[in-house]
């Protein structure tokens, strides 16, 4: 129970000797937490006449909102697109392991699969709050099967689908109930896609554009119908061209509905996106950048063959590719080394922006007063020192080394 007399009696935690990320700045302030929420200390002092029950010295570290990953296909040997008998235990394992990366909330992502996989898997991944057991589940991201054959990437061609006459009915027949779904990636050039976009957004589901050969006009029309996100910008879409920039052109389009904000996911690993392209996108539309991992089930494992949905992928060092196909050439540079933006903006791209995309910015992705006290403690090199959910320590580097 929060608020009222019970809330006033609850213990107050004060995190000191830290720099808090607020409003694109690192502020030398203390962070106050009570009952899992960020507390306004002035109200505590002047209205309740109280001080902290416990103080924790942060050793000069950065306190940033917990990271939110809206595109993660699995990890640590768990493949979210595999219809196992106990999908929930796999999700729980990933949720627990990603705490060490500062992730406090995520969207388990399913790649293109046959309908029977969706029908079996989706009911087993409910929305769930985070805690000592692991990061919170915000809802499932369905990437496919309504995507372009030409830009399918690692998605199996045999299971791709287009929209039939009764388009949204086809969506329901493919996925089953949408109760646990938060994001759907589709190709906007597919016939009847606009009625599907409108139907999904009417149900509070975020529609993302990706794996597509859409031109700019088709992309703009999709945004006018309700789409708000671009799945891994530059990857699996038409390349930028000065006569028709395609989906990439949404970053500077002047034909979007008034007040409509477009977000775009980027994999800042230096392999999927050249650092120069990352800088171009960020400078064109900095407030739309959402950092994603697009992690595969091989995350945390060694080289060799692993699954990704209905296909096998080969892992070789920092590179993962569909087994039997040539690999891309990896680069060790990420968003820090790209010179894309400041530390403050990079941290917001991993926390505030995905929260805004999902309409959760009042609770997640921020350390403003009243928000959930989900945060990550980082050193100056941005190594994760500790992760907190609802003000509770759920992972600590020192404990992990013991």
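Backbone N, Cα and C define each Cβ position, glycine as well.
Annotated features, as they stand in TrEMBL:
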type: BINDING; residues: 143, 211, 232; note: Zn(2+) binding site
type: ACT_SITE; residues: 294; note: active site, proton donor/acceptor
type: DOMAIN; residues: 333-389; note: domain 'Amidohydrolase 3'
On the DSSP side of things, how many residues of the domain 'Amidohydrolase 3' (333-389) fall into helix, strand and coil, could you say?
13 helix, 11 strand, 33 coil
Applying the rule Cβ within 8 Å of the centroid of the Cβ atoms of 143, 211, 232, what extra residues of the same chain belong around the Zn(2+) site?
71, 144, 147, 153, 155, 185, 208, 210, 231, 235, 236
For the domain 'Amidohydrolase 3' (333-389), report the average pLDDT of the model, please.
90
Which one is it: of the recorded positions 211, 294, which Cβ has the fewest other Cβ atoms within 10 Å in this structure?
294
